[in-house]
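Found this in TrEMBL, in case it helps:
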- 6-287: domain 'UvrD-like helicase ATP-binding' (DOMAIN)
- A27, G28, A29, G30, S31, G32, K33, T34: ATP binding site (BINDING)
- 288-564: domain 'UvrD-like helicase C-terminal' (DOMAIN)
Amino acid sequence: MSRLLDNLNTEQLAAVTLPAQSALILAGAGSGKTRVLTTRIAWLLQTGQVSQSGILGVTFTNKAAKEMLTRLGAMLPINTRGMWIGTFHGLCNRFLRAHYREAALPQTFQILDTADQLAAIKRLLKALNVDDEKFPPRELQHFINAQKEAGYRANAVEAWDEFTRRRVELYAEYDAQCQREGVVDFPELLLRAYELLERNEPIRRHYQLRFRHILVDEFQDTNRLQYLWLKLIAGFASETPAAVFAVGDDDQSIYGFRGAEVGNMRDFEREFRVANVIRLEQNYRSHGNILDAANAIIANNSQRLGKNLWTDQGAGEPIRVYEAVADMDEARWVVEEIQQLVREGAARGDIALLYRSNAQSRVLEHQLFSTGLPYRVYGGLRFFERQEVKHALAYLRLIANPDDDTAFARVVNFPTRGIGARSLEQLQDAARMFNTSLYATVPHLNGKPAQSIGAFVKLVEELRRETADLSLPEMIDHVLEVSGLRAHYRAEREGQERLENLDELISAATGFLHDDSAPVEGEESLPGDPLSRFLAHASLEAGEHQADAGQDAVQLMSVHAAKGLEFDVVFITGLEDGLFPHENSIQEHEGLEEERRLMYVAVTRARKRLYLSLAQSRMLHGQTRYAVKSRFFDEIPEGLLKWLTPRVQQGFGQHYTPSRGDSFTTSAPRQPSRDLIGFRIGQQVRHARFGAGVIVSAEGSGQDARVQVNFGSGGGMKWLALSVAKLEAA
Ligand code: ATP
Ligand code: MG
């Protein structure tokens, strides 16, 4: 046992060995929260305080769950397969599969990912003849999910105005549609599990008695519904509540936009009568300069529970800063720098490229690709979200559950089988009338639609029959062939990669069967057939499977996706005002504080070396945008930074504070600003000495107006007073 607890500092040791009561570990980045949580599980098991089946562990990503199981396996001679350690969604899925009847779901219920959900909402609006300009599908999706995440069914939402009343009606219609089709969306997994626990006393008692220790990582990012679910399953109000061990960092709360509530931490302390709040203050991850920068940045936030972080690792290297003229130059520099690091012996996998928005990865990927540097993107377009993979999954979903209209609509005419839009409309209308799924409606059709769509139904039925005795990989192979998907992509000019992805799906299924958790001791076999389990896995674990595999590669991901991870070398790119902090958040105090927490997360991912970079102009969403450096630069003590590019521009660092929504300008036609005497940001101009340039930012107004112009190779960046510079519109 001593080995398990070796190398823990005093506070960590205290946290790991706390008595079986609820506790909160509140500590900054890299202080060992996740390590403490994992070690505590091992310690509880080793000291015989609880059996493997008595532990419920909640992590933020599936990747984190896998890592935790691997680490546990390394700490103890146990088989960790089948332990209830996973994400909220993964755990609720498992729970609902075990109790599908009580949850009023078909045994083979399917999970809608975000894109499927949007498609289902669009289909609903169309069927109900709802004006989608008045009720934009995306907004409605957001509304519905926000209600679910707060724990509200449609009948529990209070609507004070007509517009909201209508949205609530649509929410109810949408839920009815999902129920009819036997599908659940992400927030529904949680809400359904929560309602079942609440309603069903025997099931609730069973789990309350079973899970004696509940351990939650990244607690600051739990939303209301997740918190309520925890309360129920922990039996917080009972005589013998489970011990809930929550670890978190309020400074890393970055999902406020998705309904996460830091307030849950305070409620948790009170409602679970937390006697022990332990703070960890030593950071084991980052060198001093990096940690100082992170501390300095986060100190600008006002709403903090407050803590200090220190390290004994020494200052290390300064933080390197690079300012590029354009995003392409930034990407080129990043890649050159990485090549240099690799030449010096760094492993590619120890290098991470972070960005605020996924759209930024394109330029970086392009550059990496053309240099031949292996890289891997986390998030972004994930494997299971690729078009061809979704088509294949749709066939599989129909085999598992023919009432899944989203799957039906996706492949009824893919590959094309001459089913016209008119026929499909007739089918949809009839389905509405009979209140049945599309699949079940087909026999009611007459005429041409009956024939064309009928043939499709026959195909699906054949597929089901023919694959009944096949293993999962064989089944997929068969479906790819007989559905015509392979033939379709073989005929496509650029189809090679898609064909490879379809084959990869078979490999994924093989790997899945191999990893698929065996039951933990004392539990019956896993609920659901392999196909249903695999389909749930595809919805829930999108991308993470692929990201783990293969060779040593540079890691690309958004800052959100980097939470909890660490790398020797980190590049934070696109540090421009309006991009990071994001323009949608700049105007509001709360929003800016969340961006700052995000920046804190980004900086604290680095162990040894941190690079910050920005570009003066950037192509995003088809437009060239110009910006000044991120205000976060001003929050880092100058002495920690080492500028790799000369800081030539006069006035650099002063922020152009424009009117609302203006802080990140685009080159799209816009109203000329009177203040700039006829010039506007993004405008092409000409100067007698410096030649052609483009205005990238401005400050002051009237006679005092000054503009920052990028003259490229002709003269670089220059600040010019408009009243004297004699700029001409080009
Ligand atoms: P985050 O807030 O980013 O999730 P965290 O608090 O969960 O961070 P960990 O990931 O658990 O921190 O730990 C950070 C790093 O420090 C890991 O590499 C971990 O192994 C290491 N570490 C933690 N505690 C110790 C210790 N006592 N001795 C040596 N290394 C440690
Ligand atoms: Mg952690």
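One-based numbering along the chain as shown.
Placement of Cβ uses the backbone N, Cα and C atoms for every residue, glycine included.
Unlike curated entries, TrEMBL annotations are predicted automatically.
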Taking the Cβ of A27 (ATP binding site) as the centre, count every other Cβ atom within 10 Å, in any protein chain shown.
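Other Cβ atoms found within 10 Å: 25.
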Given a separation of at least six residues and a C-beta threshold under 8 Å, show me what packs close to G30 (ATP binding site) in the same chain.
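When sequence neighbours closer than 6 are ignored, G30 (ATP binding site) has N283, Y284, R285, S286, L291, L309, E566, T604 within Cβ distance under 8 Å.
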Non-local Cβ contacts of K33 (ATP binding site) (under 8 Å, 6 or more apart, same chain)?
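The list for K33 (ATP binding site) reads I25, A27, D217, V247, G248, D249, L280, given in order along the sequence.
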Which of these binding-site residues has the least crowded Cβ, counting other Cβ atoms within 10 Å: S31, T34?
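Among the binding-site residues S31, T34, the sparsest Cβ neighbourhood within 10 Å belongs to T34.
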Centre the Cβ atoms of A27, G28, A29, G30, S31, G32, K33, T34, go out 8 Å, and tell me which other residues of that chain have a Cβ in range of the ATP site.
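Neighbours within 8 Å of the Cβ centroid, excluding A27, G28, A29, G30, S31, G32, K33, T34: D249, L280, N283, R285.
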Do you know the mean pLDDT across the domain 'UvrD-like helicase C-terminal' (288-564)?
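It averages 87.
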Around ligand 2, within a Cβ distance of under 6 Å, which of the binding-site residues G28, A29, G30, S31, K33, T34 show up?
K33, T34
In the three-state scheme derived from DSSP, which category covers K33 (ATP binding site)?
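Going by the DSSP assignment, K33 (ATP binding site) falls within a helical segment, counted as helix.
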What's the number of neighbouring CB atoms sitting within 10 A of the CB on A29 (ATP binding site)?
23
Enter the number of other CB atoms within 10 angstroms of the CB of G32 (ATP binding site).
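Its Cβ has 24 other Cβ atoms within 10 Å.
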Report, as a single number, how many Cβ atoms besides its own are within 10 Å of the Cβ of G28 (ATP binding site).
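Around the Cβ of G28 (ATP binding site), 25 other Cβ atoms lie within 10 Å.
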According to DSSP, collapsed to three classes, what secondary structure does A27 (ATP binding site) have?
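For A27 (ATP binding site) - judged by DSSP and reduced to three states - the answer is strand.
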